[in-house]
Each structure stands twice: as C-alpha cells, then as structure tokens.
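**Q** The structure follows.
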Amino acid sequence: MATLALSWCLPLLILLLPLATSSASAAVNGTSRFTCFYNSRANISCVWSQDGALQDTSCQVHAWPDRRRWNQTCELLPVSQASWACNLILGTPDSQKLTAVDIVTLRVMCREGVRWRMMAIQDFKPFENLRLMAPISLQVVHVETHRCNISWKISQASHYFERHLEFEARTLSPGHTWEEAPLMTLKQKQEWICLETLTPDTQYEFQVRVKPLQGEFTTWSPWSQPLAFRTKPAALGKDTIPWLGHLLVGLSGAFGFIILVYLLINCRNTGPWLKKVLKCHTPDPSKFFSQLTSEHGGDVQKWLSSPFPSSSFSPGGLAPEISPLEVLERDKVTQLLLQQDKVPEPSSLSSNRSLTSCFTNQGYFFFHLPDALEIEACQVYFTYDPCAEEEPDEGGADAPTGSSPQPLRPLSAEDDAYCTFPSGDDLLLFSPSLLGGPSPPSTAPGGSGAGEERLPPSLQERVPRDWDPQPLGPPTPGVPDLVDFQPRPELVLREAGEQVPDPGPREPFSFPWARPPGQGEVRALNARLPLNTDAYLSLQELQDQDPTHLV
C-alpha cells in the first residue's frame, strides 16, 4: 500500500514543481524601482525598491562609466521593508569625477545561490539627475525681538553651476509640525535669510535645502539639520507690534492729504486765502521800471514790445530794379537782335542827354550752352541805374539843325577789357574769344591794320555801300564815365553825339547797325576792343577800372 501511495504522489509532485518554481521567480522578479542621483562631485546615491520581499538575499549596485576606466560597487542596505539604498563613492568628497558628457551604466545584482542575477539596469546621466548634499553650518548671525538673521553653507557643489542655485527654507513655530510650516523660496544663490514678524521670547527651529537649476530630473537636496534659536524678550513699555504704529501713521497721512485736496478744490475763496497763507515777498517791478507803470499801465507785453510801428520796418523806397538774365540758344540771338533794331527809337531829348550802358557777365552763361565751357552755374543779381551824360549844346552857324550830340570819347584800354562786341557772324551772348582765343589788338583808326567786321546778309542789305563811319573824336572834357555796371549778356552800343559827314564811295561800312542819312543821328560802334577771356568780372575789378565811379 505504501508503494502504491508513493507511486501515485510522484507524478503529482512533478506537476506541482514547475508551478512552485514560477511562483518563486515571480517573487524575485516582481515590480521594482531603481532611482539614482549624483551630488555633482564624487557620490552617486541609489535607492532600489522591490514589491516582493527577498529573504536572505544580498544585492549590490555596480557602476561602469563609458568614458572612464574605473568601476565601483556598493552594497544595498535595507532602509524599509521593501527598499534598499547605497552610496557609490567615486573619489574624495570634493573631486570632480564625472562631467555632463559621461554616461554610467548602473546594474542591481542579487545573489541566488552561487550565481548573481541582474534585477535592474539603467543608463545614468549624472548632470541630468542632480541632488546636492544638504546645506551645513547653519548659525544665527543676529537675533532681535521680532527678527533673526541666519546663514548657512553648501558643500560638495560643482563649479559648473555654483552660481545657478535656489533655496527653500522653513521655520517651525511652537504648536506646529514641519509639514505645516510655510516655505520661503530664494530664487538666487543667497546663503542667508532674515526672518521677520517673529514673536518675542519664542523658541523656533529652522531648516533649509538647495537645488541646482540644471538637469531634467534634478530634485531638492535633503533638508538640513534643524537649527534651534530663541528671540529676545520685548522691553517693558514698548509696543510689541512696531509695524502697527507705522501702518496707522501712513493711513492718517493719506486721509489728511485727501481731505486737504478736497477742500482746496471745492472752496470758492481758496485764491485769496491761499495767497495769505502762502504769502511770500515778491518785489514790485514798478520800483525798478518806472516806464512800465507810467506809460504802459503795468502791461508787461506792451512794455516789452517795440516802440516803433510795424510799418516802419518795411522799406519805404522803391525796390531796386533787378536786371533780367536770359539764356538763349545760338540761332535765336540774331533774330532777337534784328527785331530789337527794327523798333523805332525815340526822338532825341531836347536836353541832349544820352543813356549808355555796357554789361558783361560771360561766365554766368557757361552752363549748358552750345560750344561753352562746363563750369558750375550761380545766380547773379546786380542793380544799376542808367548812365546819364549831359553834354553842352553847341550853338553857332556851323551847328546843324537838330542839335546833334557831341561825339563820345574813346574808351580806354581798361574799359575795353570789360565792354566787348563780337563779330557780326558770331553774335553770341559771350565773347567768342573764349573759344578761339583773344584777337590781336586793333591799330590806329584808319590804318590798314584795322580789322574789318562783316555784317550778316540781312544787315548788309540795309546799309548803304557808300557809307563809312568817321573816327571817333577826342574825349570831351567833363563827360562822366559809366556809373553803374551789371553783368549782362547783351551787346549794347553807346549812342554817340557826333555829326557824320558824307561817307566815301568805296570804303566798306563796318557798323552792324546804321541809320540812313537825314535822321540827324548815327549809332556808332566803339573801336575794336580786346575780348574778355575771364569767366567772371568781379566788383573790385570794375572799381579798379574807373575809381571815380564806385558801384
């Protein structure tokens, strides 16, 4: 019977053995949690928790860095019924063993009989999982009845983030627990704190912790050891709550200011009353400025205004005449001059006054003209008055009817430098000598060397072939020279008061304009003058040419 019983139980035991083995394995490989932190120097602290209890089993944590040649192992020690912890010591406390580029492989190995079984594994990044050591050296710096200054130090913190830290502190008052204590946060590296609103002669406890701002999984350090301190007792006769007195004074001042503003706004007689209250010595200006009161009745605006009417500031005389300056094309000059010549001239005045003017401003027209030099243009304005030359009347039997004016005196060499007349075919607004060079000086009147000027065909048709200009007579004493000059690109002939006899039959006529005989007056051209080659004629040069007539 016993043999039959054993044979029957043996298959049953074989069937139950795998179930028992699987249940034991599940206890060992139950749900676990493996967490490690780096203190930024030479310590890695790990905590491993297992749901199923392990009996008589030793476990270790092994560390293998990927960039280092060392490896470390620590023994897991039980801290509770289902959790174990250990510290991997990598070197001296203040040595920097790991950096941000290091990765450490951490494994939890548990012993099963004669062999080791891996329970957990993790690729650990030190500077992503930071937890510093708790602050140390807490001490009371200064204590009063309502406040207390406390300082501390941090230990084993890496220089990589020593300036990027934050702190949390809490104070335990009597009758409360640490969990009920309010937290005070310091968002900068500040290794001290001033506790206020404390109760006099009361016992307190203080704790602080630190956390770096770097790292994704960084957490707070453990709380420091509590620091116990006691505030000073309050002196007799003094207010135990000083801030209450300051609050009352501030509120009283605010309400008083509001009431004062309200009264000043709503009171009708505020002006005189305020002047009496805020009366200050203001000097009377009438004592120093008698005219202010006597003439202007105290009106400062009239006193400061000008004593002359505004109309006195406007110019009383007529505005000076501004000579117009025109720029004409080359082919239009001859037509305009011919049209001007066709206009009938007024009869000669009985006073025998002749008006002459001569202007040149060749350089002003050098801007964008055909065949002209390119220089910078400028605006030039001159005022001038016509030159009046009064000539004495000549009576007698030899004087012809009509009282012809006296002949003009020839211009000097200095006058020739600024009063020029171009050739008939080249009636430009400036001297043609600028392009071709100066012409040779003219010889004596009537000589064979005198240059002859050809008229345009339109002018030659109007001039008789048997007319010839008479040479200019000697200068008449007492005849004034030109008074005012204005640079103007026109060619103006001087009117000469000289009776002209009948010209010779074969001598060519050299005047561009001529008046037929019988009218009693002939427009004569000045002698051939040297051409001006200067771009501008300054005012000083004009005065130098005739010092007796200043412009």
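Heads up, the Cβ atoms here are built off N, Cα and C, so glycines get one too.
Per Swiss-Prot, the feature topological domain 'Extracellular' maps to 27-240; the stated evidence is sequence analysis. For Cys36-Cys46, Cys74-Cys86, the entry in Swiss-Prot reads disulfide bond. Taken from Swiss-Prot, the feature domain 'Fibronectin type-III' covers 134-234. The transmembrane segment annotation in Swiss-Prot covers 241-265. Annotated topological domain 'Cytoplasmic' per Swiss-Prot: 266-551, in sequence order, evidence recorded as sequence analysis. Sequence annotations record features per position, and here Swiss-Prot assigns motif 'Box 1 motif' to 278-286. The annotation region 'Disordered' is assigned in Swiss-Prot to 389-417, 430-484, 496-517.
A description of the local structural setting of each listed feature is requested, covering burial, neighbours and distances.
**A** Long-range Cβ contacts of Cys46 (disulfide bond) within its own chain (separation 6+, distance under 8 Å): Phe34, Thr35, Cys36, Phe37, Val61, Cys74, Leu76, Ala85, Cys86, Asn87, Leu88, Leu106. Under DSSP, Cys46 (disulfide bond) is assigned to a strand (E or B) in the three-state scheme.
A simple way to gauge crowding: the CB of Cys86 (disulfide bond) has 21 other CB atoms within 10 angstroms, across all the protein chains here. Look at Cys86 (disulfide bond): DSSP puts it in a strand.
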**Q** Starting from each candidate's C-beta and looking 10 angstroms out, tell me which of the disulfide-bonded residues Cys36, Cys74 has the most other C-beta atoms.
**A** Cys36
**Q** Give, as a single whole number between 0 and 100, the mean pLDDT over the motif 'Box 1 motif' (278-286).
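**A** The average pLDDT of the model in the motif 'Box 1 motif' (278-286) works out to 68.
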